[in-house]
């Protein structure tokens, strides 16, 4: 208690010092303002001094104002005159510069000059000579100018008096009077309370006597401080009056609580009367001391007379009266510190009561206690004045901070599981506090009160769900979530609709985000609620989402909508994941559809009555509406739920239609594309998990989604939107994906429907390509057709017929597409590329199917038939090229024909027909390039040559693809390597006939093709030698470790190959060929000396050396005869 008194006394001393300094500053400021106002008053013009001539003679008549004065001769300029000294003893100031007769000169005259006596009359002076010019008299309206006079002695300057020293700090008055009086009052109060306590403990006085003594002492002090003698000692009398009021407070409180002499109904009016008397005394005397002592005594009374029993009504009713009285006095006299001290001390009592007496049975009492004081604080602010000018901001701060204890009390209830078992009381209390803060923020401010309430609400919900969740709160707890969401969404609307409200600026604007963030309570409840299998939670989440959507539309709050959308989708997903079952599947799908339509619709509607415009640009929030498709996918893919086929398809159709409508509204074609493509993919996933009996609707659903997407494209096209072709194209391609899933589950059960739907989808893509002029869709169809066609087939005849039935429509539609296009569209190369790809894919799909059907003997007719079907395309492309179009269609069509013709013969072979077909096609493309000079043909040929060379030269596994032939030399090794080598030589010969060319690719091919052919022939030589000496089913190459015969055969073969290559180089005049042949011959010689000849003896060795010598000599003669003699050109 002593420390509390010292602290309060120190605060009071500091407050008094500040008040004294403030009053001194205000008095000084008032004096300065009065001096400035006096100096700003206009100075009356002084009388003009008489001229020297006027003192000796009769004054000249005044010249009229309209008559100009004669000009002063320029030849005799007079010196600058000096102004006559207006007062004796002062120096004469220099005359101001003469600018003109109409100029005015404003002279700032100090106050001490104006207070001097008037100057004496000027003495007479000698008359002015006649030769001197007489100055014209100045008109009355003209400003007065000082006249020159003879300079006199300059007196000493007059200095301003020094300012009076500032008064020192009155320590005697502050400490000796105010502080001692304050301590005297406190000591008197403590003495009275100590006497009462002592008398009670020793049984001296009965309770009625104690009450009488207390009342008498208190009233005596109050009355005595108002006497004439007491008023002479103001400070001391104020302290005694405060002690009297505190004594009365203590007496009445003890009479009601301790002595039980007064019922509560009688004690409260008496304490109220005492509070009113103390407040009246403080206001009457304008005494901070009375107010402070009254506050200290009033708040100390319950502590000093505590009985240890719980009387919340008496205690907090008493504190309420104190807060009302002190608050009114503080606002009346401008003492905000009284309210701050009341707030702190009241919060201390609330905290002590919560710690000592709060339990489950007193939660209602605690809620009432914590609601009472914010109401009193804000009510005091409202009733004591509306925005009074000069009111300290601490008043508003104190009233605002009075809302902190209720929020902390709510958080305490949420964090204690025993209290959390009463969520209705807790959230009802929190809702009242939050609503009150919102009302105060709108009515009186500050705006951060609203944000404070929002943050506390989120914290309480998070704490309660994490720590104190009670299953008994389900399902009515959903109503509180919606109520809080509605509260924070209604505040901005009230700001707009209700006149006179304050704007929720700054942090107050952030409070609205509490509404969408509360949406994340729904997934938490879905995970915790024991009986949440009904549709109450999805319905509540949808209602909250609708409220946030309405706010977003009204105020263009994009982030409010985004957060709410994520929370709603999370809640729906959590609920579906926990309670998804066969009986809840219809409701779950309905909730998904409803949520998806709201998510799609809100971003498509902004601008209708909105306060602010929705941000410009694409509204990507609409893509959140596609999230329910994932939930539908989870429901459809769950084998335990197995919803009916009609429910799944209808749900997907509604969501896709909503996406289409939203995209047409916003012009965002990607939204519709996502909707229809997502519907197709979800349909495919459902097909994979649904029972076969439910799949009859699947092909027609895929067709319906594709048709809906195409209709959306047409609607967007009619409005001039360019983004909707992707909608139709992606949806049609997604239909193929769904049908692929159907093929995996039931390939034969729905084959006619699948073939028809796939043909219609393909036709839709080609029509889309024609309507938009984007023939890339035909190429996409070729790629999709490849996936579909190559996915069918099998070892049975039925599967073969299925593969042909599926592949034929794709191929025929792609074949008709370039022929049916208009002339300008036909010049586009993309439909011709798509046709070429479709032809190749159909060939790859039809060949194994025909082989399964027993057509292997005539399989070569397939490429010939396709070549015949391509003939009209060649004619069409040729006509386009003649009309000045691109040569690309002609090159593609002719290349397709050549490809099928060249592959027809190798196709009859059972081994390496693909490699032979590539080689022949490459040579044919080189031949076609000479007639249709298109670079694409040359690139295609180069790619084929490279593929053939890599396959035969750099792929050793090619020799293991098939078993060894039984016939030597004339086997599959011979045609596999000889035909590609000849094709390389043929291509080089054809390219060499074009002469010199700047085309780098052409020059590279001219050099690379002969080299590649030579390498293939050399490999063929070694393969045939190895085949002749190998045993078993695999080839064995033994260049150094084999038998003598094999080694000699290899050496002789290399030598003969080198000599033939050398001869070819001589004939063709190819230096590179000759160098390569010499290098090979050198290797052959080294092999012969180092490996082969070491195994020979006798005459065989001599004969070998003789033969080697003859060969090398022959080579030398040939080089000298046909190469070196020809000069460098050879």
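Cβ atoms are placed via backbone N, Cα and C, with glycine included.
TrEMBL: automatically predicted annotations, no manual curation.
The model shown is predicted, which means the values in this text are computed figures rather than measured ones.
These come from TrEMBL:
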type	residues	note
COMPBIAS	50-87	compositional bias 'Low complexity'
REGION	43-88	region 'Disordered'
TRANSMEM	204-223	transmembrane segment
TRANSMEM	313-330	transmembrane segment
TRANSMEM	337-355	transmembrane segment
TRANSMEM	367-385	transmembrane segment
TRANSMEM	397-419	transmembrane segment
TRANSMEM	448-467	transmembrane segment
TRANSMEM	473-490	transmembrane segment
TRANSMEM	535-553	transmembrane segment
TRANSMEM	587-607	transmembrane segment
TRANSMEM	913-930	transmembrane segment
TRANSMEM	937-954	transmembrane segment
TRANSMEM	1004-1023	transmembrane segment
I'm a bit unsure how to read this: which one of 313-330, 473-490, 587-607, 913-930, 1004-1023 has the highest number of Cβ pairs shorter than 8 Å with the transmembrane segment (535-553)?
587-607
Give the nonlocal contacts of the transmembrane segment (937-954) in its own chain as ranges (CB under 8 Å, at least six residues past its ends).
891, 895, 915, 918-919, 921-923, 925-926, 928-929, 976-977, 980, 983-984, 987, 999, 1001-1002, 1005, 1008-1009, 1012, 1015-1016, 1019
Distal contacts, the transmembrane segment (313-330) - CB-CB under 8 A, six or more residues away:
253, 256-257, 264, 267-268, 271-272, 275-276, 278-279, 282-283, 291, 294-295, 298-299, 302, 336-339, 342, 346, 349, 353, 369, 372-373, 376-377, 380, 384, 395
Where else in the chain does the transmembrane segment (448-467) make close Cβ contacts, counting only residues six or more beyond its ends and a cut-off under 8 Å?
400, 403-404, 407, 410-411, 413-415, 417, 420, 423, 426-427, 430, 433-434, 437-438, 440-442, 481, 484, 488, 491, 504, 506-508, 510-514, 517-518, 521, 524-525, 528
With a Cβ cut-off under 8 Å, give me the same-chain residues at least six positions beyond the ends of the transmembrane segment (473-490) that come close to it.
423-424, 427-428, 431, 434-435, 438, 454, 457, 461, 511-512, 514-515, 518-519, 521-522, 525, 529-532, 534, 536-537, 540, 543-544, 547-548, 550-551
Any residues 6+ beyond the ends of the transmembrane segment (337-355) with a Cβ under 8 Å from its own?
11, 15, 291-292, 295, 299, 302, 310, 312, 315-316, 319, 322-323, 326-327, 329-331, 366, 369-370, 373, 377, 380, 394-395, 398-399, 401-402, 404-405, 409, 412
